[in-house]
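Trainee: As annotated in TrEMBL:
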DOMAIN    1-382  domain 'Major facilitator superfamily (MFS) profile'
TRANSMEM  22-44  transmembrane segment
TRANSMEM  65-85  transmembrane segment
TRANSMEM  119-141  transmembrane segment
TRANSMEM  153-172  transmembrane segment
REGION    183-207  region 'Disordered'
COMPBIAS  192-206  compositional bias 'Acidic residues'
TRANSMEM  249-271  transmembrane segment
TRANSMEM  292-313  transmembrane segment
TRANSMEM  355-375  transmembrane segment
Amino acid sequence: FGAIAPILVLYLTALGFSDSNVGLFLSLTLFGDVVLALSISWIADSVGRRRVLAVGSAMMAASGFVFFLSGRFIVLLLAATFGVISPSGNEVGPFSSVEVGMLSQLVQPEDRIYVLMHYQILGFVGLALGSLVSGAVISHLEKGASSHEAYRFVFLAYGCIGLVKVALSLFMTPYTELDHPHFPERLVDSPEASEDEETDVDDEPTCDERQSLIAKRPLIDRTASSTPQAVITTTKLTLGDLDDAEESALPLLSLVFIVLLFSVDSFASSLTPASYVSLYLKSEYGATIRTITTVLASSALGAVVTSLLTGAISKRIGLVLTMVTTHISDVARTLAAAPGPFVTGRLVEIDRLRWVFVISGAIKIGYDLALLGGFRQTKLQH
């Protein structure tokens, strides 16, 4: 993804497409990625997670080969909409949601946040390396060929990488599936734990899978139901249930609010995808492709620094404040990002590309302030 994001708009512009058509192209690409992610991820557990990743990788390969072979607008639009192409360099398609589910299943709950943190870091590092390699290869090829031909070679390499991902997906461990083999028992962590197991041989098993999900309540003597004590106990249980029902509605409202905030932030990000940043640097400053990819790679590596602090920050200040500084993404944000490139394309058409950075920054500041004000007092509950 990091290899093609810097050249996507440059390639489409070199083919002679208008600025508004390029913006529409990127918007439909993002919309297609959302539909693909939702439809494939929805059936991932029933069809098989490894198969889903293989299918997504095959669609990624097909998109790369189509971009290499064809230069027609409608053909490329269909390949980008129904395939896997990322205008921003971020991961799109069914990969992220399925991979996060796999990783979360393979590790203990207390280790998940650090495993996912390293997963995110590797993604940013891969994005940076892809951008740097793409710039170096294109700079070398431009010495003996046109920029258009150099861009086509990168898409060919993108398709070949998709085929490699197909093979890697099929050879993953079966423990990543929902219907996985039985996990081996964990080793005893301490001598005290082994002593407890020896003394509790005759006790009921305490495996997490055999424990009751609902805490057992003390039995109430029905023969004493007329006594004041029994009446008070019953009343407390009823009021407690009502309180739980009222509190259960709060997370739903919070979820809706935070998804709306994520969508606003994603729209702001979609105004300045890596593809349009490349166009801006080239048109305004005459930057070479090597310079452009170096700038984008530096930005990705800067995100690595914040990701390294994710685990420690989230334990100290909570997940919500951590999200303010690290910008966690999801499918809803990708959907909200779809109109952004079209808006940017229109601004490019009227020679106002520089204003998208001002608009995007202002929206992001508003997002961060709204998230901080709405959830600053929220405590971590799970």
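Cβ atoms are placed via backbone N, Cα and C, with glycine included.
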Trainee: Determine the mean pLDDT over the domain 'Major facilitator superfamily (MFS) profile' (1-382), rounding to the nearest whole number.
Mentor: 72
Trainee: With CB pairs under 8 Å as the measure, which of the listed stretches 22-44, 65-85, 119-141 comes out on top against the transmembrane segment (153-172)?
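Mentor: Result: 65-85.
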Trainee: Checking distant contacts: for the transmembrane segment (65-85), what same-chain residues at least six beyond its ends satisfy Cβ-Cβ under 8 A?
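Mentor: Same-chain residues near the transmembrane segment (65-85) but 6 or more away: 4, 8, 11-12, 15, 17, 21, 25, 28-29, 31-33, 36, 56, 59, 92-93, 152-153, 155-156, 158-159, 162.
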